[in-house]
Amino acid sequence: MRAVWALLWALQLGTLVGCALVLGVHHFSGDNLTKQSAIPTKSSKAKPISDQKAAVTSGSTCAVREKARKDGLVLLDGNWYNVEKFVHHHPGGVEVLEQYLGADISFVFRVMHRNPTQIMKYRKPVRAATPEELEALTSRRQEVCLDMMDDFVTNSIDIASPEMLPKPTQFDLKSFEKDFIDLYEEFVAQGYFKPSTTWLLWNTAVLISIIALSVISMKVLPPTSFVLPGALLGLFWHQSGFLMHDAEHHNLAGNERLNDILGWIYGTVFLGVNGAWWREEHREHHAFLNTYDDESGFKDPQMREDVWIQNKKLIPFFGDEIIHFLTNFQHILFLPIIFIVGRVGIVVDSTLTERKFRPWTILGNVCHILLHYAILSQTSRPIPVYIIGSLWQAILSLQLLGNHYVKPWNRLNDATEGNFCVWQILSTQDFACPRWSRWLYGGLNFHYSHHLFPTLSREYFHITSPRIRTLCEKHGLPFIEIAFIDCVVGMVNNFNEVRKDFATKGHGSVAFMYT
């Protein structure tokens, strides 16, 4: 019993000490880069619209979009709507809507909201867009899409065959956009966006069965047999994470409050990862996938880490902080960091970087500790069991990162001026896996389905994925399926290539310290 309590409280103490060290390193690391210090923290508030207008730094912007941005307009189905007063009340986050000002949101609005028709029922447009405005925006979208395809070819290191490359000569933007709107409407008609109570109850029963088997194995197996109980504990966390992910997308129940409660249970209580924190950051991950801004750095919070650089375009945001010297060894450190400190890192991060205080987060943390005390007290080897479980959870981290880490990065302003579907397709890949193992990926092996249609219930991903592949092939876009092991190898190779550039082109003395 004492060992269990020591383990749990050591983790909490380690959390506080670790955070103190990180804060100290950042505080005493000298004058940081202007660009790096401008990168918003996870608790920072979004800029006012007036500041956001000035922050746009794109080499080529659309004049129509810039005028509409200044007026606080968005384009939906050919009509301009004024959202300037609504921006700061946007449930999905202030910055999410700010970054789409002036853009055509016809597709992204539909797929990001479960009830788009109801939302727009009583909203009146300011005016219809003129043919000249529509043509200018379409022309800019086409330009951005072709630039993204070119960047994909130039900067991808994991392309195994020419079939994986975009074919710009096959791409026609208007036909592409019509096909994807039609596909969305087909999925709606088929009921693929409706949550299933039966599916939820079944998966929750499986989850409870896993942790029950872990406890039973602790009682039945010899005291020295800690691998199976630990693996089952890790699998419990692993699958809890996927259900938290579904809940925080509001894909498990028809009621948003109930989804938030389920996210709290599966995430904060079962997994130990703050569900509300995940929801806030994950919304931005979908809206800002693999993007950055020349002035403020990373825009996709879930693809940012201070200890490694995934893409050469991100090098200017690294170099002068002490912790950045680790990027010189990122190809070596990546897997050890994921496996050794991955679980503790995300538990700490989700608790201490929550954007606003929520009492139920503290309650969830207490429930998590009590639950795991009850579980780990059933074995005489709680520490090895916990360690094995943490190692298993590292697989979850690799699964979540592998879908995007080797894919291209774009300036956010350019990305939002382009086509949402093209952007998501070029920044994503699927995992190729046998049918029997799909459950281990939480459905996210079908990642194109998830990123193109975030509110789609994952029980239908196996149906929607072939339809998406067909449209990608028709329009000359890559649809990449890669084995999990090959993906991990690709990430390590990518880190090795990027760190070479960082060593020669990085900013600040840290970049050259170990070259």
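From the backbone N, Cα and C atoms, a Cβ is placed for every residue, glycine too.
These come from Swiss-Prot:
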TRANSMEM  3-23  transmembrane segment
DOMAIN    46-113  domain 'Cytochrome b5 heme-binding'
BINDING   His90, His113  heme binding site
TRANSMEM  198-218  transmembrane segment
MOTIF     245-249  motif 'Histidine box-1'
TRANSMEM  258-278  transmembrane segment
MOTIF     281-286  motif 'Histidine box-2'
TRANSMEM  322-342  transmembrane segment
TRANSMEM  359-379  transmembrane segment
TRANSMEM  382-402  transmembrane segment
MOTIF     447-451  motif 'Histidine box-3'
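Ranking 198-218, 322-342, 359-379, 382-402 by CB pairs under 8 A with the transmembrane segment (258-278) puts 359-379 at the top. Beyond the motif 'Histidine box-3' (447-451), the same-chain residues lying 6 or more positions past its ends with a Cβ under 8 Å from any Cβ of the stretch are 286, 289, 403, 424-425, 427-431, 458, 460-461, 464-465, 468-469, 472, 479. Within the chain carrying the motif 'Histidine box-1' (245-249), a Cβ under 8 angstroms from the stretch's Cβ atoms is held by residues 259-260, 262-263, 266-267, 275-276, 278-279, 282, 442, 444, 454-455, 457-458, all 6 or more beyond its ends. Summarised by DSSP class, the composition of the motif 'Histidine box-2' (281-286) is 6 helix, 0 strand, 0 coil.
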